[in-house]
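Have a look at the structure below, then the notes.
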């Protein structure tokens, strides 16, 4: 018998040395001995096991009952002491596995591997090229008098006794242990390794981030998050897109009305209230950034092919949206600090409108210069990345270090400083109110009422800003704390 088609390049010119199968997924498949190197160019079972377990999610969902047998014939080929030629599976085994699993792989943009092409495998019944077939199909073909097109093995391998891992071989551990292969006995430590599993995107040498520190998911190198993320269903992602677009539109309309009111009568907004106008202008630009993303599309902005965009400045559309959302978002936080500070000057230190307005140039310098320095630093460090949910370019989506440095820390500082000035202003207003009531006299009640109305207005505005800002910071803090665990859960079955 001659070697099967496509098998000549394999290193079978020397007599193989049989060894017991230790790859967890391939134990108990109908034979228990294998040899190396295999046709996938693996020199040992450790290397073969790491690669074959990338297909474990497909085996787990049982997209084809032939898939495990087919994969193991490739990665842990059968070894017979009295037969020294390659013994692959028959072509129809491969075809049944491909027909069952390829549609699921294509759903996540994974093609059927070229080196697993079924056309290179021998046909059943070819006496010159022996091949293996599943026992169920062998029996079906024999019961049909040989007329059924279901190939059978011309040499049926021996069935090994059940293999039970040693208690000392290791256990599957971790919160994701439910994803481990469900076989008798305790799991071995090899099966609890980490791989770039679907729907994650394996990166090839032609990609920009190949073999870089950022091109990894968890501890797995050369692996990327898919363009639309890996944590939510299609319906949840669609809802998030509509929800973000809706609130971006509402923000655009409300801030546009505020700016229009200011432009119609600029004298109406004096210090200490004038920073509200600039704060609204910042949110107006942020809403334009989100609406621009809606117009351009998710993939055009946040993605690089099938994967999310990692640390890079990205194309012009990505950089533009980053500047609109990040720069003006940070500027709005600084203007919040300025607003709180001017209220403190007015209420606590009894500064008048003109006195505060004389220092307006310093307010503008701080409000625009600080976010500019932050934005330039992010761009110089090529720390802009894609958001798989919102579809925008921002910073810290794929790096917890960047998230803490450029997002979480500044927002926390701005909120604390602004709230401090705000509380100091409230304390001063309470003191003034107490003094007015104690003095009494004509008009004291009217003055106290006006002061109370001012305090209520400031209080409502403060709550409307500080509560959402605190929630946003809390969400960022939660993400920074558990992001690495989420990434590890995507790649590690145990």
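Cβ coordinates are placed from backbone N, Cα and C, and glycine is handled just like the others.
What TrEMBL lists as compositional bias 'Polar residues' is 177-186.
The disulfide bond feature in TrEMBL is assigned to 18-79 (among others). A coil conformation is recorded for residue 18 (disulfide bond) in the three-state DSSP classification, outside any helix or strand.
DSSP gives residue 26 (disulfide bond) a helix state. Annotation comment: TrEMBL describes 26-72 (among others) as disulfide bond.
In the three-state DSSP classification, residue 101 (disulfide bond) falls within a helix. The disulfide bond annotation in TrEMBL covers 63-101 (among others).
Taken from TrEMBL, the feature disulfide bond applies to 90-131 (among others). In the three-state DSSP scheme, residue 131 (disulfide bond) is classed as coil.
Here the Cβ of residue 94 (disulfide bond) has 23 other Cβ atoms within 10 Å, regardless of which shown protein chain they belong to. Look at residue 94 (disulfide bond): DSSP puts it in a helix. Taken from TrEMBL, the feature disulfide bond covers 94-118 (among others).
Taking the domain 'G-protein coupled receptors family 2 profile 2' (240-494) as a whole, pLDDT averages 88 in the prediction. As annotated by TrEMBL, domain 'G-protein coupled receptors family 2 profile 2' applies to 240-494.
Here TrEMBL flags 141-189 as region 'Disordered'.
The transmembrane segment annotation in TrEMBL covers 242-264 (among others).
Per TrEMBL, the feature transmembrane segment maps to 276-296 (among others).
Residues or ranges marked as transmembrane segment in TrEMBL: 365-384 (among others).
If you look up TrEMBL, you'll see 404-430 (among others) marked as transmembrane segment.
Sequence annotations record features per position, and here TrEMBL assigns transmembrane segment to 454-478 (among others). Away from its own ends, the transmembrane segment (454-478) comes close to residues 276, 333, 336, 343, 396, 403, 407-408, 411-412, 415, 418-419, 422, 425-426, 429-430, 433 of its chain (Cβ-Cβ under 8 Å, at least six residues beyond either end).
Its own atom aside, the Cβ of residue 79 (disulfide bond) has 21 Cβ atoms within 10 angstroms in the protein chains shown.
Remote same-chain residues near the transmembrane segment (404-430) are listed as 330, 333-334, 336-337, 339-341, 343-344, 346-349, 374, 377-378, 383, 394-396, 451, 454-455, 458-459, 462, 466, 469-470, 472-473, 476-477, 480 (criterion: CB distance under 8 Å, separation of at least six residues from the stretch ends). Counting neighbouring Cβ atoms within 10 Å of each of the disulfide-bonded residues (90, 101, 118), the lowest count belongs to 118. Neighbour counts of Cβ atoms within 10 Å were taken for the disulfide-bonded residues 18, 72, 131; the minimum is at 18. Of all the disulfide-bonded residues in the list 90, 101, 131, the shortest Cα-Cα distance to residue 118 (disulfide bond) is found for 90. Around residue 63 (disulfide bond), a 10 Å sphere centred on its CB holds 19 further CB atoms from the protein chains shown.
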